[in-house]
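A.B. asks: One structure coming up, written as structure tokens, with questions to follow.
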Amino acid sequence: MIDTSIPLVDLHRHLDGNVRVNTIWELGHQHGIALPADSLETLAPFVQIQGKETSLVAFLKKLDWMVAVLADLDAVKRVAYENVADAALSGLDYAELRFSPYYMAMNHKLPIEGVVEAVVDGVKAGLKDYNVKINLIGIMSRSFGQAACTQELEGLLAHKQHLVAMDLAGDELGFPGELFNDHFKRVRDAGLAITAHAGEAAGSQSMWQAIQELGATRIGHGVNAIHDPKLMEYLAKHRIGIESCPTSNLHTSTVVSYAEHPFRTFMDAGVLISLNTDDPGVSAIDIKHEYRIAKSELKLTDAELARVQRNGVEMAFLSDSERKALYAAKI
């Protein structure tokens, strides 16, 4: 099912959406933060999706607990370190960890640039202990508005040498991409690649805007592209990568079932598409789970899964030499 001769990658993986349950428990008690449960065992349902629960509101509440316990920069560093460990332990050869420093900082009024530094330090420490390649993607959380995104952008650009790309995430309908054109001009001027959450809550026009105005070469989720034949043709022709996260799409009610997920439609249209975990801590999944789901629920063959695996390597924000090194390590 997973081809061991091809690097296994996860390109759409939120660092701040992957905080271990025991870490939430320990940090909560360490910092005197009131938690919604009185034991580690009973905490899990408040911070992780249970069974077939599918609700965007419930999902976001669980996600909020992941950052509620980030009371100081040491906590941020710990979570970043554990993200590297989790990536390695799940069998990944390469992961791009994306994070929103404003979202991580807001509960306890941490310095945004300090959060970025703590993430970088935690990842560096993790890479000393675990054999996995990691790159970082900064996120601007559009839901907090343009001014907050400017603060976030400045904190991230102060450490641009530690980033490969920038992302736009959050409320796609309330805060359309047009509001952030100037922000992304600064991103392009800084020489960073661009991905954007688009076509998830909004229609295909949001994806066109992300590609044509923000400069995105990859799109997160993008499920609504299938309703726009011209866009599908454009995506395939220009190798715009779709970072697909089927289980997360189900958990957030972006799709009503795996059977309704458009992954197969993208594949058949020749669009470059990869499998990813999104918020693995909230969804309680790993990348192997997504490949199992792709086979059993999305009905992909082993040959198609291998193609998806290769797509991920092609889509990665890596140089050609880095890509070759990933493949060489699999021989």
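Positions of Cβ are set from backbone N, Cα and C atoms, glycine also.
Keep in mind it's a predicted model, so treat the numbers as computed, not measured.
According to Swiss-Prot, the protein has these features:
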{"type": "BINDING", "residues": "His12, His14, His197, Asp278", "note": "Zn(2+) binding site"}
{"type": "BINDING", "residues": "His14, Asp16, Gly170, Asp279", "note": "substrate binding site"}
{"type": "ACT_SITE", "residues": "Glu200", "note": "active site, proton donor"}
{"type": "SITE", "residues": "His221", "note": "site 'Important for catalytic activity'"}
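Can you tell me where each of these features sits in this structure?
C.D. replies: Taken residue by residue with DSSP, His197 (Zn(2+) binding site) is part of a strand. Sequence-distant contacts of His197 (Zn(2+) binding site), defined by Cβ-Cβ distance under 8 angstroms and a gap of at least six in the same chain, are Asp167, Leu168, Ala169, Gly170, Glu172, Ile219, Gly220, His221.
Around the Cβ of Gly170 (substrate binding site), the number of neighbouring Cβ atoms within 10 Å comes to 18.
Sequence-distant neighbours of Glu200 (active site, proton donor) (same chain, 6+ apart, CB under 8 A from its CB) are Glu172, Gly220, His221, Gly222, Val223, Asn224, Asn249, Thr254.
For His221 (site 'Important for catalytic activity'), other Cβ atoms within 10 Å of its Cβ number 27.
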A.B. asks: Cα of Asp278 (Zn(2+) binding site) to Cα of Asp16 (substrate binding site): how many Å, rounded?
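C.D. replies: The separation of the Cα atoms works out to 10 Å.
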A.B. asks: Other than His12, His14, His197, Asp278 themselves, what residues in this chain have Cβ atoms within 8 Å of the centroid of the Zn(2+) site's Cβ atoms?
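C.D. replies: Sorted by sequence, the hits are Arg13, Gly17, Arg98, Ala169, Gly220, His221, Glu243, Cys245, Ser248, Asn276, Asp279.
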A.B. asks: Fill in the CA-CA distance, His14 (Zn(2+) binding site) to Asp279 (substrate binding site), as an integer in Å.
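C.D. replies: A Cα-Cα distance of 5 Å.
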A.B. asks: Give the sequence-ordered set of same-chain residues, not counting His14, Asp16, Gly170, Asp279, with Cβ within 8 Å of the centre of the Cβ atoms defining the substrate site.
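C.D. replies: Near the substrate site, the remaining chain residues are Leu15, Gly17, Leu63, Arg98, Phe99, Ser100, Tyr103, Ile139, Ala169, Asp278.
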